[in-house]
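Trainee: Annotated compositional bias 'Polar residues' per TrEMBL: 1-31, 297-307, in sequence order. According to TrEMBL, the feature compositional bias 'Acidic residues' maps to 311-326, 390-399. If you look up TrEMBL, you'll see 327-339, 373-386 marked as compositional bias 'Basic and acidic residues'. If you look up TrEMBL, you'll see 141-269 marked as domain 'DUF6697'. Annotated region 'Disordered' per TrEMBL: 1-48, 288-399, in sequence order.
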């Protein structure tokens with residue numbers, strides 16, 4: 001076709017990169033170029049990201065493959081504790097014989113097969129809070145899987161010094177500070193926060209002879225913090241406390257001491273029945289929901305009048321107790337009448353029937369509507385029918 005308006009055929013046919021996408025040059029409006037029919041767009045695509053300062057994305061179609069994304073976590077070296085190897089010298093690697101099974105199972109399977117919470121806490125290394133720990137590049141799939149690696153023994157082998165904490169990146173320091181600020185933190189972290197708060201206001205440290213009194217102050221601050229009434233502590237306060245050495249963190253060494261082949265084999269045997277376990281769990285959940293549907297629901301007239309299922313359940317219990325008392329009274333009368341008839345038939349009793357003596361046992365007093373219930377009934381009548389009532393209209397006589 002030749003070159004017109006400064007654009008050649010090669011340039012028209014060659015995709016040109018623009019930023020992070022592929023783009024074709026626009027065709028001049030004066031020309032008409034036959035284009036091939038558009039191809040069907042791939043349903044899914046994976047994105048590969050290179051560690052360049054300005055990444056370049058290449059879309060690769062996935063043909064009947066699982067949706068998988070490879071993510072490069074970081075290309076910069078992580079900061080490590082200088083003498084980290086000194087804590088591992090006394091730990092020897094465990095040789096597993098026979099070799100460990102290659103088991104990767106969903107977390108939901110472990111919960112259905114062996115019980116426990118599906119989101120139960122497990123020991124694992126977090127990159128933000130353990131920058132020197134061993135890490136594996138992650139393969140992100142649609143469903144998380146767990147790999148059984150063995151039984152581990154956790155031992156406190158040292159404490160982090162202020163210099164070691166100061167050498168960590170800002171991200172690591174901020175991660176630890178955030179975990180201590182949260183109200184739902186573990187007891188150990190909450191106790192650290194309580195001591196930092198007391199030092200900030202000057203309540204501690206006390207003399208060595210007053211260690212018990214200091215523990216009491218920490219406990220009181222800890223309880224106040226859990227109830228939302230503790231002293232204010234910021235993330236910067238926590239970072240400063242670790243940098244000065246007021247608080248230290250334990251260094252925990254995890255050593256593999258055993259590999260349970262029986263447990264691994266049992267997992268391998270139960271994994272094919274995972275669908276049956278899910279079905280049984282769904283049936284149990286459905287049965288539980290059906291049981292809750294039989295509970296009473298508030299009517300539209302009482303939905304906005306302060307109706308509470310607790311109040312109605314209390315009324316139902318009182319009604320059931322009254323019915324039981326009436327039934328017991330009726331049974332006693334029937335038994336007494338039957339005994340008198342038997343005595344009359346045998347000649348041991350008088351020819352005239354004498355009614356049984358009145359029951360002298362204490363009886364439950366009649367129900368008296370509480371002022372709260374009466375108020376709600378009155379509000380419902382006023383709202384629905386425009387009837388004005390007073391609490392005295394509903395007071396029952398107990399004499």
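Each Cβ is built from the backbone N, Cα and C atoms, and glycine gets one as well.
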Trainee: Check the domain 'DUF6697' (141-269) for me and report the mean pLDDT.
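Mentor: Taking every residue in the domain 'DUF6697' (141-269) and averaging pLDDT yields 88.
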Trainee: Over the span of the domain 'DUF6697' (141-269), count residues by DSSP class, listing helix, strand and coil in order.
Mentor: 70 helix, 21 strand, 38 coil
Trainee: Just to be sure I understand, if DSSP states are collapsed into helix, strand and coil, how many residues of the compositional bias 'Basic and acidic residues' (327-339) fall in each?
Mentor: 13 helix, 0 strand, 0 coil
